[in-house]
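Taken straight from TrEMBL:
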- Cys121, Cys123, Cys131: Zn(2+) binding site (BINDING)
- Lys198: active site, schiff-base intermediate with substrate (ACT_SITE)
- Arg208, Arg220: 5-aminolevulinate 1 binding site (BINDING)
- Lys251: active site, schiff-base intermediate with substrate (ACT_SITE)
- Ser278, Tyr317: 5-aminolevulinate 2 binding site (BINDING)
Amino acid sequence: MDISSILQGGYQHPLSRSWQGRRQLTKSMFMYPIFITDDPDASVVISSLPGQRRWGVNQLESFLGPLVKKGLKSVILFGVPLNCEKDGRGTPADDPSGPVIQAIKKIRLLFPSLYIACDVCLCEYTSHGHCGLLHTDGTINTKPSVLRLAEVSVNYAKAGAHCVAPSDMMDGRIKAIKQAFIDADLASKCTLMSYSAKFASALYGPFRDAAGSAPSFGDRKCYQLPPTAKGLARRAIQRDMVEGADIIMVKPALPYLDIISDAAQLAPDHPLACYQVSGEFAMVHAGAAAGVYDLKTMAFETTESMVRAGATLILSYFTPDFLDWLEM
Ligand SMILES: [Zn+2]
């Protein structure tokens, strides 16, 4: 055998195996997506998302307290309004008495060191369930949509959010939000994380159950990217960088590792997030429950593949598990 054929000596020990990764998973890499509903005492099981619940603001202390103790560093909030009056412009999104703004304020008080990101979208709050405002013919009306998204972003930042994360995929919204932050003197106070390459995926089903955000007609293919659209994803990433995004995100993660890798190359100087979405999480659980693999092993393998592709931040429902599984 040739000297250059011998590789196994380099990874014969658990420690030397750990050195083979350029970067390791750490607790601070995980951002935990949580669903906040408008019943303040709610603690409601989401059957399609194992172990996850919709929470009311009064439950946040007992829910998040133990996780913060274990090393939880960041959360991303999704509002689930169940009792409000929805309309064409998503008025309840930034209602001061609504679940997101109430939760931001509560978490800032309870856990001052916890980093709070807020998903920004209108679909949970519009009567039609689309992510922007519509023309009378039912198509997206981009200009007022981005202005409304910017308005919601400013109100979340004013309430105390450390980061806003627009997930709508409307053209021009990153620029509009950044400009609105500059105008409101918030640009140095709030991070702008763009869902830059968000694909029209079959993996969002459990999330739509959880958030009640399925569109009442049509679908989101006019704004979310087609799964084959590598070039479009690259253009969207480059556009959002130019428009002022502080963090770039790819969503979903596992079927789009090549896009994460492209983003790492296109935006080497930005933090790079990926979202292990509800359907990915449910799939890992379903496979484990069917005896196909061990849950923890597969949770590691999937998230480590994202880190290998270039992600520096992972939004995942496995976050509480990783706080138990990781030492630091
Ligand atoms: Zn949306």
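From the backbone N, Cα and C atoms, a Cβ is placed for every residue, glycine too.
Over all protein chains present, the Cβ of Arg220 (5-aminolevulinate 1 binding site) has 19 other Cβ atoms lying within 10 Å. Taking Cys123, Lys198, Lys251 as the recorded positions under consideration, the smallest Cα distance to Ser278 (5-aminolevulinate 2 binding site) is found for Lys251. Among the recorded positions Cys123, Cys131, Lys251, not one has its Cα within 10 Å of the Cα of Tyr317 (5-aminolevulinate 2 binding site). For ligand 1, the nearby recorded positions are Cys131; that is, of Cys131, Lys251, Ser278, Tyr317, these have a C-beta under 6 Å from one of its atoms. Classification of Arg208 (5-aminolevulinate 1 binding site) by DSSP places it within a helix.
Taking only the Cα positions, the spacing between Cys131 (Zn(2+) binding site) and Arg220 (5-aminolevulinate 1 binding site) is 8 angstrom.
Checked against Lys198 (active site, schiff-base intermediate with substrate), the recorded positions Cys121, Cys123, Arg208, Arg220, Lys251 differ in C-alpha distance, with Lys251 being the nearest.
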